Amino acid sequence: MPEMGALLLTTPALAAPGELLNLSLNASAVAPEGAVLLAMLATLLVDLAGEKVSTRWVPPICYAGLGTALLLLALQWNAPLEPSFLGAFLPDHLAIAFRAVVALSTLLSLMISWRYAEQGGTPVGEYAGILLAATLGGMLLCGATDLVSVFVSLETLSVASYLLSGYMKRDARSSEAALKYLLVGSAAAAVFLYGSSLLYGLSGSTSLEAIGQALLSSPTPLAALALVFVLATVAFKIAAVPFHQWTPDVYEGSPTPVVAFLSVGSKAAGFALALRLLVGCFGSFDTQWKLLFTVLAVLSMTLGNVVALAQTSMKRMLAYSSIGQAGFVMIGLVCGTEDGFAAMVLYTAAYLFMNLGAFACIILFSIRTGSDRIADYAGLYQKDPLITLGLSLCLLSLGGIPPMLGFFGKIYLFFAGWADHQYVLVVVGLITSVISIYYYIGVIKMMVVKEPQEASDAVKAYPPVQWSTLGLPPLRVALVTCVVVTAVGGILSNPLFQWASDAVAGTPLLQQAIASVNGSSLG
């Protein structure tokens with residue numbers, strides 16, 4: 001991205017000193033993050049006024065902050081591309097797309113959280129404030145273009161995630177999940193810092209663009225070692241095998257709305273980080289990191305979907321499912337083509353709705369029964385057809401059944417992989433997709449096919465459905481929204497793919513990588 005460097009170099013001749021600072025900072029680029037920050041501060045201040053005031057005002061404050069952030073992101077789509085904070089942040093189309101996924105995942109996670117938080121005795125203001133802090137870190141991470149801004153954003157997201165996973169203080173499993181997450185996450189942060197120090201020593205700069213140019217001109221074995229450390233951190237954030245060990249325990253022990261956010265928002269930020277670091281810094285090691293990610297993708301798709309077959313907990317099953325889903329997204333990353341990157345963006349957005357829709361159903365069921373055991377869903381159709389329908393559609397979409405949105409997302413990934421001759425990834429993806437359908441269909445069959453006398457004890461004691469109960473309307477809105485987008489989104493897959501393609505086309509970093517791949521293939 002030489003035009004960015006030229007922009008900063010020519011600015012002094014064009015602007016006065018006071019204007020120079022404004023142009024270099026370009027704070028308007030992070031206006032969406034500013035809206036989230038203001039909402040976070042407001043929730044914490046309102047929380048000081050007491051529980052009743054907090055319960056009344058925190059939700060609308062969060063909706064206003066996140067809604068404003070999404071609106072500002074939409075306005076940035078056609079704005080001129082300018083670096084922010086002295087080149088440490090770049091609001092390109094890739095950043096806008098992933099920031100929108102993070103913000104929208106938080107909005108939907110909060111909508112499915114209120115009733116769950118009230119039932120568990122969780123202070124709403126504190127919970128929302130920490131979740132917004134995680135959102136702030138995730139959104140900044142999507143556009144960070146400097147090692148310092150990457151690390152600060154990464155740790156903001158990580159520390160808030162540790163607090164959220166252990167927020168149910170009365171639950172021993174939640175405390176255990178937080179401790180495991182903290183230990184593994186701290187190790188990943190230390191590994192990233194060491195890799196960053198190697199990159200700084202090799203290039204003399206913390207800018208990802210400058211590091212990429214330095215490694216391109218003089219690749220060394222030490223740079224390959226830095227690649228291994230950075231790749232390990234990225235694999236931890238996206239829960240790729242073999243850096244996935246924390247995922248099942250953390251997902252099972254953490255509060256369910258937190259798991260919903262971690263499975264989508266945190267993972268989306270992780271994939272944005274992967275694109276920034278691997279494509280931006282390690283272009284000279286393109287063959288090596290793609291080979292490593294091919295292995296990670298095969299392991300993630302295989303282990304995630306095979307181990308999910310044996311799970312008895314819905315949250316644990318979706319944890320292993322998310323590991324497999326990360327493997328599918330990695331197909332687009334390994335391709336390195338325009339269609340591959342676009343399919344990656346599209347599937348991440350599709351995963352947002354189908355996964356959060358499934359978690360909304362799980363939360364509703366756990367509120368009414370106190371259970372997340374798969375066996376307890378037996379005969380649910382007799383008592384709650386809405387949850388049964390919503391969960392069935394979301395699981396079918398996760399499995400890639402047509403005409404759901406997830407089917408078209410996988411089709412675009414597999415087509416991109418096949419066109420790039422990634423035959424192993426495509427074949428493994430197809431086989432593991434069939435395996436995933438088996439355990440998804442198993443849950444649906446249990447809910448629908450079981451006769452009334454075969455219903456589980458939890459379903460037999462299922463309370464009458466009362467949508468007017470306090471806190472349930474936002475949950476119902478989130479559930480219906482996710483289910484409708486999941487079911488109808490397949491029909492609109494072409495416009496969605498065009499949006500994803502525009503995101504790739506508006507990202508100079510990816511265009512350079514695509515041009516490099518096309519040039520090498522022609523050569």
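Placement of Cβ uses the backbone N, Cα and C atoms for every residue, glycine included.
Taken verbatim from Swiss-Prot:
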- 29-49: transmembrane segment (TRANSMEM)
- 57-77: transmembrane segment (TRANSMEM)
- 94-114: transmembrane segment (TRANSMEM)
- 128-148: transmembrane segment (TRANSMEM)
- 182-202: transmembrane segment (TRANSMEM)
- 255-275: transmembrane segment (TRANSMEM)
- 291-311: transmembrane segment (TRANSMEM)
- 317-337: transmembrane segment (TRANSMEM)
- 345-365: transmembrane segment (TRANSMEM)
- 389-409: transmembrane segment (TRANSMEM)
- 424-444: transmembrane segment (TRANSMEM)
- 477-497: transmembrane segment (TRANSMEM)
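At the 8 Å Cβ threshold, with sequence separation of at least 6, the transmembrane segment (317-337) lacks contact with the transmembrane segment (182-202), having fewer than 3 such pairs.
Between the transmembrane segment (389-409) and the transmembrane segment (477-497) there are at least 3 Cβ pairs closer than 8 Å, counting only pairs 6 or more residues apart in sequence, which means the two stretches are in contact. Contact check: the transmembrane segment (345-365) against the transmembrane segment (94-114) gives at least three Cβ pairs closer than 8 Å, residues 6 or more apart, which meets the contact criterion. Same-chain neighbours of the transmembrane segment (291-311): 231, 235, 240-242, 244, 278, 317, 320-328, 330-331, 333-334, 374, 422, 424-425, 428-429, 432-433, 435-436, 438-439, counting only residues six or more beyond its ends whose CB sits under 8 Å from a CB of the stretch. Against the transmembrane segment (57-77), the recorded stretches 29-49, 94-114, 182-202, 255-275, 477-497 differ in Cβ pairs under 8 Å, and the greatest number is found for 29-49.
Long-range contacts of the transmembrane segment (94-114) within the same chain: residues 32, 36, 59, 62-63, 66-67, 69-70, 73-74, 76-77, 124, 127-128, 131-132, 134-135, 138-139, 142-143, 257-258, 260-261, 264-265, 268-269, 271-272, 275, 345, 348-349, 352, 356, 359-360, 363, 471, 474-475, 477-479, 481-482, 499-500, 503-504, 506-507, 509-510, each at least 6 residues beyond the stretch ends and with a Cβ under 8 Å from a Cβ of the stretch. Between the transmembrane segment (128-148) and the transmembrane segment (477-497) there are fewer than 3 Cβ pairs closer than 8 Å, counting only residues 6 or more apart in sequence, so the two stretches are not in contact.
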